[in-house]
Amino acid sequence: MKDFAGTPGTLTGLFLRMAQCFFAAGAMASMVTTKGFFNVTAFCYLIASMALQVFWSIGLAFLDAYFLAKKKAFHNHVLLSLFVVGDWCTAILSLAAAASSAGITVLYFHDLGGCSFGDECTKFQLSVGFAFLSWITIFISSLIMFWIWAAG
């Protein structure tokens with residue numbers, strides 16, 4: 001099978017994993033620096049989901065770096081099946097966390113007549129934005145992994 005952009009063991013695959021990790025860590029950092037995030041369940045769920053995404057992405061980024069260093073392609077069908085399931089699960093969790101947090105943020109800003117938390121509202125919005133950016137890169141990776149798995 002021919003390697004294409006985003007395949008594990010390629011530079012674009014490593015870039016996608018690092019982008020996932022960066023955006024998920026940004027979402028976590030932005031949310032954790034607020035005082036009252038733990039009072040909202042959706043925000044706690046966002047932290048948990050993004051933490052799982054950071055660990056998953058950094059693990060696969062190390063694997064991509066290993067295969068890049070060895071200059072080998074990664075086409076082990078059994079491990080690829082595990083990565084497909086892991087990518088799809090983390091993608092669904094990340095989308096659910098980002099969407100629920102975005103719903104709470106919209107509630108604060110538009111439905112309640114403005115956010116009364118001051119500077120924290122900007123951090124909530126920034127965190128949700130990072131979460132959606134993380135999900136976009138996760139979704140791209142999960143589609144590529146599924147494509148490779150289905151073609152193998």
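Glycine too: its Cβ is placed from the backbone N, Cα and C atoms.
Residues or ranges marked as domain 'Casparian strip membrane protein' in TrEMBL: 7-136.
Residues 8-10, 13-14, 17-18, 20-21, 24-25, 27-28, 31-32, 73-74, 83, 86-87, 90, 93-94, 96-98, 100-101, 103-104, 124, 127-128, 131, 134, 138 of the same chain, all 6+ positions outside the transmembrane segment (40-67), place their C-beta atoms under 8 angstroms from a C-beta of that stretch. Taken from TrEMBL, the feature transmembrane segment covers 40-67 (among others).
Among the features that TrEMBL reports, transmembrane segment is placed at 79-109 (among others). Same-chain neighbours of the transmembrane segment (79-109): 8, 24, 27, 40, 42-43, 45-46, 48-50, 52-53, 56, 60, 115-117, 121, 124-125, 127-128, 131-132, 134-135, 138-139, 141-142, 145-146, 148-149, 152, counting only residues six or more beyond its ends whose CB sits under 8 Å from a CB of the stretch.
For the transmembrane segment (129-150), the list of distant contacts is 1, 4-8, 13, 16-17, 19-20, 23-24, 26-27, 30, 46, 49-50, 53, 57, 75, 77, 80-81, 83-84, 87-88, 90-91, 94-95, 97-98, 101-102: same-chain residues at least six beyond its ends, Cβ to Cβ under 8 Å. Taken from TrEMBL, the feature transmembrane segment applies to 129-150 (among others).
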Per-state residue totals over the domain 'Casparian strip membrane protein' (7-136) - DSSP helix, strand, coil: 108 helix, 0 strand, 22 coil
